[in-house]
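Right, one structure below, let's go through it.
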Amino acid sequence: MTDQKTYCGFIAIVGRPNVGKSTLLNKILGQKISITSRKAQTTRHRILGIKTEGAYQEIYVDTPGLHIEEKRAINRLMNRAAASAIGDVDMVIFVVEGTKWTDDDEMVLNKLRSTKAPVILAINKVDNIKEKEELLPHLTALSQKFPFKEIIPISAQRGKNVHILEKFVRESLKEGIHHYPEDYVTDRSQRFMASEIIREKLMRFMGEELPYSVTVEIEQFKTNERGTYEINGLILVEREGQKKMVIGNKGQKIKVIGTEARADMERLFDNKVHLELWVKVKAGWADDERALRSLGYIDE
């Protein structure tokens with residue numbers, strides 16, 4: 001009796017900010033592990049999304065959006081994390097938005113020229129293209145810029161052609177051992193996922209009011225004697241005025257954020273959650289490498 005062959009590969013999902021990389025990953029996995037919002041650079045960390053079906057294991061690396069401006073330390077770190085992912089994988093999915101092509105897209109493409117991994121171009125949000133006849137000449141122009149292995153128009157939000165993209169990825173996997181147990185969907189801890197859920201709710205309920213330099217630190221994550229997860233989250237902002245915005249009038253804003261975050265955590269963790277949130281001013285944290293290291297933005 002012979003052992004069944006197994007196939008495995010690492011696939012980086014790259015692109016400029018806000019083109020739908022995290023939405024695509026969540027759609028492929030069939031569940032939410034990477035937060036999404038309309039705000040650019042929602043993803044700040046490299047996150048692995050793992051899908052195992054039978055002999056095949058796809059390990060997707062969701063990266064922060066690559067962009068030209070690097071004004072603050074946190075922006076430089078996110079660019080570094082995204083760029084380093086390109087050199088460590090077996091395949092790259094380059095996500096762009098419809099018929100738009102920006103300087104940031106061009107910068108990402110130039111970084112891909114040094115990779116030996118095959119690159120799939122995923123043209124996302126095709127359902128938003130009003131003039132459909134513009135798509136074909138755009139695809140032709142992009143195909144002349146780079147030797148893409150495949151060009152696939154998709155809608156990550158609606159799921160259009162995502163199965164075609166994933167089928168191409170799976171058929172390209174090389175023989176190899178699985179790196180994670182079959183029930184794993186991410187390499188990130190529950191503590192990390194809790195902080196990301198809170199950050200997503202901040203973005204959703206504050207919109208344009210939300211300062212870019214806001215982050216979340218989980219100060220406590222423990223199970224009490226009743227089996228409930230007790231989670232304490234600290235929201236860090238840079239100015240006193242930002243703290244007041246997050247708390248809201250009579251604490252209403254932070255109450256809504258906490259209620260929605262707790263509901264999402266209970267669904268994700270399949271466990272009852274007691275969540276407490278505080279807001280603290282920490283001036284200059286997004287430019288302080290020691291602070292960024294303690295918050296998990298810099299790998300040791």
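Quick reminder: no glycine exception, Cβ is built from N, Cα and C everywhere.
Given the ranges 104-107, 124-127, 172-175, 264-267, the record in Swiss-Prot names 124-127 as region 'G4'. Residues 62-65 are the range that Swiss-Prot records as region 'G3', among 2-5, 62-65, 186-189, 250-253. For the binding-site residues Asn18, Thr63, the greatest number of Cβ atoms within 10 Å around a candidate Cβ is found at Thr63.
Of all the Cβ atoms in the protein chains shown, 25 others lie within 10 Å of the Cβ of Gly15 (GTP binding site).
Here the region 'G4' (124-127) is broken down by DSSP into helix, strand and coil counts: 2 helix, 1 strand, 1 coil. Taken residue by residue with DSSP, Asn18 (GTP binding site) is part of neither helix nor strand, so it is coil. Of all the binding-site residues listed here (Lys21, Val126), it is Val126 whose C-beta has the fewest other C-beta atoms within 10 angstroms.
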